[in-house]
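Have a look at the structure below before the remarks.
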Amino acid sequence: MFEKRTWIRLPRNVVVGHGVLGQTIEAVSELHLTGRPLVVSSPTPHEVAGERVVAQFEDAGYDPSEIVIEEASFDAVQRVIDHASEIDAGFLLGVGGGKAIDITKMAADDLDLGFVSVPTAASHDGIVSGRGSVPEGDTRHSVAAEPPLAVIADTEVLAEAPWRLTTAGCADIISNYTAVRDWQLAHRLKNVHYSEYAGALSQMTAEMLVESADSIKRGLEESSWIVVKALVSSGVAMSIADSSRPASGAEHLFSHQLDRLVPNGALHGHQVGVGSIMTEYLHSGQKGKWKDARDALAAIGAPTTADELGIDDETVIEALTTAHQIRDRYTVLGDGMSEEAAIEAATVTGVI
Ligand SMILES: NC(=O)C1=CN([C@@H]2O[C@H](COP(=O)(O)OP(=O)(O)OC[C@H]3O[C@@H](n4cnc5c(N)ncnc54)[C@H](O)[C@@H]3O)[C@@H](O)[C@H]2O)C=CC1
Ligand SMILES: O=C(CO)COP(=O)(O)O
Ligand SMILES: [Zn+2]
């Protein structure tokens with residue numbers, strides 16, 4: 001008997017463009033979501049877009065409520081769950097960067113409520129994914145979460161966000177190259193399930209972004225359009241895989257470890273970008289493609305060195321040698337790098 005089964009959960013409405021934040025009610029009512037909307041955001045996104053979303057619901061006769069969270073943590077998820085239960089929320093909207101969106105999709109999953117993703121920055125590829133990424137103690141959890149029923153990505157809002165957020169989104173996409181290489185390696189060495197479709201989509205997304213590098217420029221709204229489409233595509237790859245594997249390999253483990261060592265350090269996308277220069281070197285050696293990764297990042301103005309991340313050399317080495325401990329995910333780091341090997345990789349690639 002044929003036993004294979006797959007269940008791919010994707011958004012129904014992906015609304016991208018100039019001023020589409022003003023179409024929130026339309027996008028939501030088309031989904032037949034009922035009850036009180038709960039808008040979840042973090043402090044700046046609350047000012048940039050959250051207030052406007054709440055005002056639209058008020059004008060349309062809904063009875064919205066809002067909660068502002070400060071960080072991505074299980075405590076924050078619980079606060080949202082408690083607030084949603086208190087007000088008897090009917091559905092949730094996550095308005096903000098990766099952290100606010102992750103918290104909302106995890107709370108929505110627990111509450112069994114619909115969730116709408118409203119990114120205010122093109123800084124990460126969790127906009128569409130059905131995964132949540134949260135640190136806890138010495139580890140980093142990638143947990144199944146509620147994928148959005150709709151995405152409302154207003155390119156006017158995204159283009160007005162600080163430029164570094166957009167370059168971080170580009171770097172999160174460029175890191176897909178090494179993430180897929182790690183995934184294939186884990187498939188060959190550890191028989192980890194590999195999805196050809198998800199792997200190919202993730203790689204193609206990175207290729208298309210790199211080919212568009214000339215059009216990704218500060219002050220051009222078109223750039224936000226290009227980047228957010230890539231972020232959506234990368235999230236779809238994660239949804240197809242039902243795992244963050246297509247977009248998260250050793251370069252992400254390195255970044256997660258940096259988050260532990262230097263809380264509030266550099267942006268997620270910038271860290272994974274620098275990580276991918278070094279993990280590409282580990283995959284393909286000195287004459288390999290690590291220079292392509294570095295040049296692609298440099299072309300869009302993302303950091304390529306520890307200095308540009310604002311992180312000292314010792315911390316980079318500590319993160320590299322301990323990254324494999326973060327999570328049970330086999331990558332090119334294997335069972336860990338020696339300090340000498342880490343210094344060699346970081347030095348040859350010019351990261352330190
Ligand atoms: N679940 C998933 O599949 C994925 C999750 N992530 C997670 O997302 C997080 C990284 O996302 P980020 O967006 O970099 O972090 P973030 O949510 O902390 O946002 C970065 C900063 O940008 C600010 N910001 C957002 N929109 C703004 C705007 N329009 N104007 C001015 N400032 C604005 C925020 O207030 C924050 O200070 C990490 O926790 C990472 O693990 C990243 C990729 C995929
Ligand atoms: O950041 C991600 C993909 O870009 C998600 O990855 P994690 O599963 O490592 O949190
Ligand atoms: Zn990422």
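Cβ coordinates come from backbone N, Cα and C, glycine included.
Listed in TrEMBL for this protein:
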- Gly98, Lys99, Ala100, Ile101, Asp102, Thr120, Ala121, Ala122, Ser123, Ser129: NAD(+) binding site (BINDING)
- Asp125, Asp172, His256: substrate binding site (BINDING)
- Asp125, Asp172, His252, His268: glycerol binding site (BINDING)
- Asp172, His252, His268: Zn(2+) binding site (BINDING)
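Across the structure, Ala121 (NAD(+) binding site) and His256 (substrate binding site) are spaced 20 Å apart at their Cα atoms. Listed binding-site residues: Gly98, Asp102, Ser123, Asp125, His252. Those with a CB atom under 6 Å from ligand 2: Asp125, His252.
In this structure, Ser123 are the binding-site residues from Ser123, His252, His256 whose C-beta falls under 6 Å of some atom of ligand 1.
When other Cβ atoms within 10 Å of the Cβ of Ser123 (NAD(+) binding site) are tallied across all protein chains shown, the result is 30. Of the candidate binding-site residues, Gly98, Asp102, Ser123, Asp125, Asp172, the one lying closest to His252 (glycerol binding site) when CA atoms are compared is Asp172. Geometry remark: Asp125 (substrate binding site) versus Gly98 (NAD(+) binding site), CA distance 8 Å. Neighbour counts of Cβ atoms within 10 Å were compared for the binding-site residues Asp102, Asp125, Asp172, and the top value is held by Asp172. In this structure, the CA atom of Ala100 (NAD(+) binding site) is 14 Å away from the CA atom of His268 (glycerol binding site).
DSSP gives His256 (substrate binding site) a helix state. Counting other Cβ atoms within 10 Å of each Cβ, the lowest count among the binding-site residues Ala100, Ala121 belongs to Ala121.
Across the structure, His256 (substrate binding site) and Asp102 (NAD(+) binding site) are spaced 15 Å apart at their Cα atoms.
Most other Cβ atoms within 10 A: among the binding-site residues His252, His268, that distinction falls to His252. Within 8 Å of the centroid of the Cβ atoms of Asp125, Asp172, His252, His268, where the record puts glycerol, the same chain has further Cβ atoms from Gly98, His124, Gly126, Ala171, Ser175, Ala247, Ser248, Ser255, Gly269, Val272. A coil conformation is recorded for Asp125 (substrate binding site) in the three-state DSSP classification, outside any helix or strand.
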